[in-house]
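A short worksheet on the structure shown next.
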Amino acid sequence: MSSEPVPQAVIDELERVLVNLDKSNPLSFRYRALFSLNALAKKGDKRAVDAIYKAFIDDSELLKHEMAYVMGQSGQQYAVQPLINIVNDLDQQVMVRHEAAEALGALGFTESLPVLEKYYKEDPLAPIRETCELAIARIQWKNGLDKNNEKITPSMYDSVVDPAPPMPDHEQDVKSEVAKLRSEIVDQNLPLFYRYRVMFRLRNIGNEEAVLALTDGFKDPSPLFRHEIAFVFGQMIAPASVPALIKVLENTEEVPMVRHEAAEALGGIANDECLPVLKKFSKDDVRVVAESCIVALDMIEYEKSGDMEYAYIPKVSA
C-alpha cells in the first residue's frame, strides 16, 4: 500500500470483511483483511486500530488472538486502551486476554503497568499471570530500567516485536554458547523473562543445534512457554523442528494454545511432511486448532499460487 492516506472507503470495506456481521466471509478471507489492516496500523493509521477493535465481538478465539497480536505490533500508543479493555474483559477467552497482555508488553508504554501488575498478582489463570510478568519485564527493559548497555546484534527478526529481547551477544564460540543456552532454557530456577531471552537468542543463532535446544522447551511445565517455542519455530521455518511440531499437534492431551501454535508453525514451514497432518487436524474437535490448520492451509495455497499479495486490498471508486 502507498504512503498516501488510504481512502475511508477502503478502511470501511476492510472493517466490513473483518467484523463479518452478515457471516458471509470465510475465516481465511477475514485474515486477509486483517493482514491489510496490520500494514495500515504499522504506518500509524488509527482508523485501522479502530476497525480491528470493533471485531472483538466475534466468537473466534483464533481470529481475536491474531487481532490483539496485530495491535501490539502496530507501535501505536493509541492501541493501549483497547488492549487494556480486552485484558480486563473476563468474558474473553484466555488466549485472547493473554495476547492482549503480551501486546501491551510489545507496545512498551508505562501506562500499561497498573493493569499488568493487577493481573500478574490476582489472575487465577497461570498463562495470564505469566504473560503479565513477561510484559512488565519487557516494558521495564524497553524503558531503560534494565538494559545495562547490552549489545544485541541485529537479526532478520527485528521487524517483529518479541515478548522479550534476545540475550546479548556472547564471547563464547557458538557451540559453547548453544550448550550453555540449552541448559538455561529448561532451568526452572531462572526467571521466566530470562528464559524467554534465551529462547530468542537460540532463534537468532538458528543452527540445527539451536533448533534441538529449543525443542527441549516443549518439555516445560508452562503451556505459555511451550506455545512460544512453537511460535519461534514458525518464525525460523526450520525443517528440523517439524517432527517435534507434528508430535505437539497430534497430542490431543496438549492444551489448545500450544497445539494451535504448532499448526501455524507447520503452515509456515509447509514441506511435504506438514500438509497431511494439517489436513487431518483441520477437522479437529477443538475449534482453535481446526481453524489454525485451515488458515495454515490457506497460506500454503497462496504460496503455491504465485499471487503477489496475500492481503485483501479493496478496489473502491474514486
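From the backbone N, Cα and C atoms, a Cβ is placed for every residue, glycine too.
With a cut-off of 8 Å between CB atoms and residues at least 6 apart in sequence, the same chain places HIS65, PRO127, ILE128, THR131, LEU224, MET257 near HIS98 (Fe cation 1 binding site), listed in sequence order. Residues annotated as Fe cation 1 binding site in Swiss-Prot, with sequence analysis given as evidence: HIS65, GLU66, HIS98, GLU99.
Residues or ranges marked as repeat 'HEAT-like PBS-type 1' by Swiss-Prot: 96-122. In terms of DSSP helix, strand and coil, the repeat 'HEAT-like PBS-type 1' (96-122) has 25 helix, 0 strand, 2 coil.
Annotated repeat 'HEAT-like PBS-type 2' per Swiss-Prot: 194-220, in sequence order. Summarising model confidence by region, the repeat 'HEAT-like PBS-type 2' (194-220) averages a pLDDT of 97.
Sequence annotations record features per position, and here Swiss-Prot assigns repeat 'HEAT-like PBS-type 3' to 225-251. Remote same-chain residues near the repeat 'HEAT-like PBS-type 3' (225-251) are listed as 130, 157, 160, 163, 192, 195-196, 199-200, 202-203, 206, 208, 211-212, 214-215, 217-218, 257-269, 271, 273-274, 277, 281, 289 (criterion: CB distance under 8 Å, separation of at least six residues from the stretch ends).
Under the heading Fe cation 2 binding site, Swiss-Prot lists HIS227, GLU228, HIS260, GLU261. Around GLU261 (Fe cation 2 binding site), taking its Cβ as the centre, 27 other Cβ atoms fall within 10 Å, counting all chains.
According to Swiss-Prot, the feature repeat 'HEAT-like PBS-type 4' maps to 258-284. Helix, strand and coil content of the repeat 'HEAT-like PBS-type 4' (258-284), in residues and according to DSSP, is 20 helix, 0 strand, 7 coil.
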Inter-residue Cα distance where the pair is GLU99 (Fe cation 1 binding site) and GLU228 (Fe cation 2 binding site), in Å: 12
Candidate with sparsest Cβ neighbourhood (10 Å radius) among GLU66, GLU228, the listed binding-site residues: GLU66
Cβ-Cβ neighbours of GLU99 (Fe cation 1 binding site) (radius 10 Å): 28
Tally of residues which DSSP labels helix, strand or coil - the repeat 'HEAT-like PBS-type 3' (225-251): 24 helix, 0 strand, 3 coil
HIS65 (Fe cation 1 binding site): tally of other CB atoms within 10 A of its CB: 26
